[in-house]
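To start, the structure itself, in structure tokens.
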Amino acid sequence: MGSVASYFGQLCGGEEKKEEERHLRANDRPFNLSYNYANNAIKTSKYNIFSFLPCNLFEQFRRLANAYFLFLMLLQLIPQVSSLSWFTTAVPLILVLSMTAVKDASDDIVSRNCNLKNKYLNNSVLGQKTEKWKNVQVGDIIKLENNQFVTADLLLLSSSEPLNLCVCVCVCVSCTADANLSLSGEVRCEPPNNRLDKFKGTLTLDGQTYSLDNDKVLLRGCTLRNTEWCFGVVVFGGPDTKLMQNSGKTTFKRTSIDHLMNVLVLCIFGFLASMCTVLAIGNGIWEVREGSVFTVFLPRDEGVNAALSSFLSFWSYVIILNTVVPISLYVSVEIIRLGNSFYIDWDRKMYYPKNDTPAQARTTTLNEELGQIKYIFSDKTGTLTQNIMTFNRCSINGKAYGEQLCLYKNYGTERVDFSWNRLADPKFMFHDYSLVETVREGNLEAQAFFRLLALCHTVMPEEKKEGELYYQAQSPDEGALVTAARNFGFVFRSRTPETITAVEMDRSVTYELLAVLDFNNVRKRMSVIVRSPEGKVTLFCKGADTIIFERLHPSCNKLKEITIGHLNEYAGDGLRTLALAYKDLDERYLEDWKQRHHEASTAMEGREERLDELYEEIEKDLLLLGATAVEDKLQDGVPQTIEQLAKADIKIWVLTGDKQETAENIGYSCNMLREEMRDIFVVAANTAEGPSVIKARAGLFWLQRTETVQDEKVDGDYGLVINGHSLAFALEKNLQMELLRTACMCQTVICCRVTPLQKAQVVQLVKKYKQAVTLAIGDGANDVSMIKAAHIGVGISGQEGMQAVLSSDYSFAQFRYLQRLLLVHGRWSYLRMCKFLRYFFYKNFTFTFVHFWYAFFCGFSAQTVYDEWFITLYNLVYTALPVLGLSLFDQDVNDRWSFQYPQLYTPGQLNLYFSKKAFVRCMLHSCYSSLILFFIPWAAIYDTVRDDGKDIADYQSFALLAQTCLLVVMNVQLCLDTDYWTAVNQFFVWGSLAAYFAVTFTMYSNGMFLIFTSSFPFIGTARNSLNQPNVWLTIFLTSLLCILPVVAFRFILIQLRPTINDKVRKEALPAPTPRRPPARRISTRRSGYAFSHSQGYGDLVTSRKFLQRLPLWSRQAPFTQTDSPLAQNQPQHYRTIAEEPEESQSP
């Protein structure tokens, strides 16, 4: 109701008052509706039943050609001007508008139907009333159930768990809430905004006021986990939710070719006006000099003089020469785009059988843009990765386990049998039997190693049935480590705020949890202090190896050196590592430390500093146990896809909300960040002080010493990693150009801890200043704003819901399909569209220029060269299907070669196949062809007689000869442009010629003349002209003179300046060779530790708060997933072809 009232208020001219504070009452709809708050209905479609016709017509008439033909139709209503009937333009225009409107309506209906699947999901309102999500109002109390998506911003009330523990996993943010809130409380809070990390408000209950912050709200886009149900009151709904505030507006996307065509149409208008002006002046001169001679048998209308005749002639030629912008152009463009969209929908190689998910082109207007992508902006979690961690290798007391991991993968070595452990996770895989034997033999170090993994974490267990354990981990890293300990006999079973219960080698043990020394980005480690049943107090610590090694006891130096060697090996394989250590504590020291810890934690000033000092004090002289190596599982084919796209000169930027270390590790796993890079600049400032971005750029300029603004070159490859705080300052106007220039000089850019709005800002920055085509790809609701901001938006249908897909232009199930979408479908679509436009402009300019030359021989009287029926059918019948066949089926190389030679993609990025220069070349080519097509037939038929001595030098015979030569030349030219022949192409080419001769002989027959005398005056012209040898000789000569220079020019160009396409065609496709595993890189980088959760969670598990806060994770626990199949279309090998700068020419 509120949104409807607001809409009509704006419609009537009233200004909507800006909301300064939100005031609501729980379960009091009349009170809340009085404020006209927006309901929970979301509109992602472009049109509704009332706005479709005006909005769609407005969008279509933004195309200047459509507006031009509307003007032309009105002009043809003036009898003194038009030599053609008005409906000759009106019917094609209405046909074009109708076909485009049907296509746009179909696209919008598909988007609306997909959105309705989520909009009409049921939820329960307090009182056991079932309601649609779209009908939920602000102030309603909602009951949520486990694994249910949340589509409104809620203030959480209570949960079903015995200890009131609840995990709310959110796409952007995850939060907690207090309980025991009355159903009659009042809430005052901030107005709707896009700050995902901030929330301020108060709750008034029973006369007392309680503060509300971000820890007590659950945002739209979240998924409820680890609880059967919970209750929450709606604070923001629909467009007011923080997620939708970050999503941005739905915009009408047009391709760069569309924009170029608008510019060209303007140029064509100017050129058309110039031609008409020249001919009008010629008409005036002719009327003055020669016109008086013809007034005897062609008397002028009363009041018409030479000046008026010249003026009317101008508009007559505007109508006759209108074919320079043919109305059928836009119909053909829409058909081509629709056909290429079907190819994407039907591509079996982009079908994901595991989820029964095919690729889908959700729009049909952007296909050729896929062949011009220069920048890709990608989310990380769920887009590049499966968000699944696997425990692969470890080092315990100087001995490495899991040594031959890569061999296990290649040769199928049997996995370890954990059937001896009744609580083992059946999905866990490990291949080194020696580790199991070491643990079961009672090795103290190995058992202490896994005991640490079972105790030092913040995981919450769920056991619905005896022996069926499910771990809810705030990060998949922790889930993988706890699961590994579980399978090796140290099973984390349950926890309370004071205890941790584990099953150690089939023996249940309960530890007293004395303290949790929580993780943060500075400490880069986490510790727990526990007391065993025997009374022994131990500190267990895990964290980044560089941090742990600084705090080891000197007696561990030898073991440390051995472990460092193992860690270097693990890092070389791209694994995420952690070092594990422990320390036995004295009881009396611990009591003194706990007292000082309590004083520090309750201090009002200097709390963080005092706690850090206490943590440093107790976490020293540790004893090293070993190290773990965890693999962050990428989606299948991600490194190969990134490698292919990089070879196609496409730059990939990763924009993620995850922490810096996690993003860096994924960068190394994907081969985006490499050890051989000259340097990797990390910009991680938390304030605006210090121009970090400028310093990073200064480092690059110090090497290159260049002042070029665009595409500056540097010596070597560089990477840039920047966090959200620094990015916020870098996006300010005084620094954003520095950020852009620095980032564009780097091979890889990773932005971490960024908000959805920052993602969109980065995309818009590149769009604005680089003049390059951008693509954004993501799978979650936090990627919607980025997807909408980019030229092309791609949604991955994953586990985070359908909001990214609903807002996208294309969707599929796996990131690896992106290379096929771009390198195959995108490149083909761009190539076909460019060929179509070049040929279309060529054939229509040639057609029109013949009229221009003829004007000098007909007294500038606006007489047409061709038969009126030929003019009507030229674009609609005779040349329509052949060019459509070219534009739907043509391939310069097949899909395998497109993967084999990714460099074939680069011409599209440089606009080499169709640009203003290419358009000018088409005009010059048309001008030459039109001269041949007019003057050769004119000279050949001038004063010519038939072989029986009769005269055939008449207008009708000349018109037939000229139009026949034109059609033959157009078809031969199309054959030269066709690289890939199919039966359909052959049928269209030969069929169009056959149709022309069949129609011509029919319309020029005696029967048609007798039935429609005024409409078919060319009686007998075809049979009288086309049976003469000299006519056919003229057709052959004209065709030869038009085509031979084109063939010669192309041959010379291939020999002297071959393009990348020419080079590839000369290559013989080699037999596929097996892909060798990448050589292990020797790395000393060990800062990328597998520890990706947020500060504060340790305090949470030792408290009795009702709801638990989690970071930016939106996936299920890693051990609940199954392995996905291998990529089906990975290229076997790659070949590099060097192309010189001057060779970047249009073929």
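Don't overthink the numbers, they just go from 1 along the chain as shown.
Keep in mind that glycine also has a Cβ here, set from the backbone N, Cα and C atoms.
In TrEMBL this protein carries:
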BINDING   Asp379, Lys380, Thr381, Glu478, Phe519, Lys542, Arg576, Thr656, Gly657, Asp658, Arg753, Lys759, Asn782, Asp783  ATP binding site
BINDING   Asp379, Thr381, Asp779, Asp783  Mg(2+) binding site
DOMAIN    25-89  domain 'P-type ATPase N-terminal'
DOMAIN    805-1059  domain 'P-type ATPase C-terminal'
REGION    1118-1147  region 'Disordered'
TRANSMEM  84-102  transmembrane segment
TRANSMEM  263-286  transmembrane segment
TRANSMEM  306-331  transmembrane segment
TRANSMEM  836-857  transmembrane segment
TRANSMEM  869-889  transmembrane segment
TRANSMEM  918-938  transmembrane segment
TRANSMEM  958-976  transmembrane segment
TRANSMEM  988-1012  transmembrane segment
TRANSMEM  1032-1053  transmembrane segment
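At the 8 Å Cβ cutoff, the transmembrane segment (1032-1053) and the transmembrane segment (918-938) share at least 3 close pairs (sequence separation 6 or more) and count as touching. The transmembrane segment (918-938) makes no contact with the transmembrane segment (306-331), as judged by fewer than three Cβ pairs under 8 Å among residues 6 or more apart in sequence.
In this chain, the transmembrane segment (263-286) lies apart from the transmembrane segment (869-889): fewer than three C-beta pairs between them fall below 8 angstroms, excluding pairs fewer than 6 positions apart. Considering only the binding-site residues Asp379, Thr381, Phe519, Arg576, Gly657, Arg753, the residues lying within 10 A of Asp779 (Mg(2+) binding site) on a C-alpha to C-alpha basis are Asp379, Thr381. The CA atom of Thr381 (ATP binding site) is located 11 Å away from the CA atom of Asp783 (Mg(2+) binding site). Put simply, the two farthest-apart Cα atoms among Asp379, Lys380, Thr381, Glu478, Phe519, Lys542, Arg576, Thr656, Gly657, Asp658, Arg753, Lys759, Asn782, Asp783, the recorded binders of ATP, are 33 Å from each other.
For the binding-site residues Asp379, Phe519, Arg576, Arg753, a Cα-Cα cutoff of 10 angstroms around Asp783 (Mg(2+) binding site) retains Asp379. For Phe519 (ATP binding site), the count of additional Cβ atoms within 10 Å of its Cβ stands at 23 [all protein chains shown]. Of all the binding-site residues given, namely Thr381, Asn782, the one with the smallest number of surrounding CB atoms inside 10 A is Thr381.
Counting other CB atoms no more than 10 Å from each candidate's CB, the binding-site residues Asp379, Asp779, Asp783 peak at Asp783. Look at the binding-site residues Arg576, Arg753 and count other Cβ atoms within 10 Å of each Cβ; Arg753 has the fewest. Neighbour density for Gly657 (ATP binding site): within 10 A of its CB lie 28 other CB atoms from the protein chains shown.
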